[in-house]
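Trainee: What follows is a single structure, and I will ask about it in a moment.
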Amino acid sequence: MTLDALQQRLGYRFSKPELLQQALTHRSHSAQHNERLEFLGDSVLNCAVADMLFGMFGKLDEGDLSRVRANLVKQQALYEIAQMLQLSDALRLGEGELKSGGFRRPSILADALEAIVGAVFLDAGFDAARALIRKLYIPILEQVDPRTLGKDAKTLLQEYLQGHKIALPQYNVIATHGAAHSQQFEVECIVPKLEVRVFGTGASRRAAEQAAAKLALDEVQKLVPQLLKRSRAERTGKTRKQPVPPDPQLSLRLKE
């Protein structure tokens, strides 16, 4: 992807395009890499996301706001935004990193996204960086449920199962499709105790696992109440008093 095409995706045009080029440069490519920009972008991102959360969720306290922000700026969340922007097509990697599939690595893509935020901050200041972050995050924030504090599907599924003392799910890659630079992964998620088996697809194993976990969570939340209801009914049946058989000796005495 050209720098011009990426700027169109970002909705921001750099006055100093070399900043964007540096933001896309991994340390394996050259000494003029993106790690300092990543450091800067991380701080700008945290501040801008905090500002948005403060305005959107007036009833959340400081602790809950911090937890929502942590889930929104963690590597997986940044990686998914980077995938949406197709940053893997614009990265500048060294030959070894390129051959090992570095353009698909979540850590590299997440770091590049933070570096882009840092580059925008240097290019035009905080307001421009905040506008970019808002553009990228508003679709995500509109789907955030304050009750779950922005946790991803795998975390929610794990916590739900643990809360009901059910063994954790199993994730298995069952297929990969497409060329190396545009692979699609297919993953199954199994919850043996509930006989749940669902499938998810994504541009990475993690993304496919998240998709499968979301489907599994929907199924599990339907099945667990039914399981609990049956369990309560069985316990009630076992504890209900059985009728006491008549005493034969007592019957004889009464007849006398």
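First residue shown is number 1, and so on along the chain.
Here the Cβ of each residue, glycine as well, is placed from N, Cα and C on the backbone.
Keep in mind it's a predicted model, so treat the numbers as computed, not measured.
Taken from Swiss-Prot, the feature active site covers ASP42, GLU114, and the record attributes it to sequence analysis. Feature annotation from Swiss-Prot assigns Mg(2+) binding site to GLU38, ASP111, GLU114. Residues or ranges marked as domain 'RNase III' by Swiss-Prot: 3-125. The region 'Disordered' annotation in Swiss-Prot covers 229-256.
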Trainee: Looking only at C-alpha atoms, tell me how far GLU114 (active site) is from GLU38 (Mg(2+) binding site), rounded to the nearest Å.
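Mentor: GLU114 (active site) to GLU38 (Mg(2+) binding site), Cα-Cα distance: 5 Å.
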Trainee: I'd like to know which of these recorded positions, GLU38, GLU114, is least surrounded, judged by other CB atoms within 10 A.
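Mentor: Minimum Cβ neighbour count within 10 Å, taken over the recorded positions GLU38, GLU114, occurs at GLU38.
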Trainee: Beyond the listed site residues GLU38, ASP111, GLU114, identify every same-chain residue whose Cβ lies within 8 Å of the center of their Cβ atoms for the Mg(2+) site.
Mentor: ASN34, GLU35, LEU37, PHE39, GLY41, ASP42, ALA110, ALA112, LEU113, ALA115, GLY118
Trainee: Who sits close to ASP111 (Mg(2+) binding site): which same-chain residues at least 6 apart have their Cβ under 8 Å from its Cβ?
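Mentor: ASN34, GLU35, GLU38 - these are the non-local Cβ neighbours of ASP111 (Mg(2+) binding site), listed in sequence order.
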Trainee: How many other Cβ atoms are found within 10 Å of the Cβ atom of ASP42 (active site), counting all protein chains shown?
Mentor: 18
Trainee: For the domain 'RNase III' (3-125), give the DSSP counts of helix residues, strand residues and coil residues.
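Mentor: The breakdown for the domain 'RNase III' (3-125) reads 90 helix, 2 strand, 31 coil.
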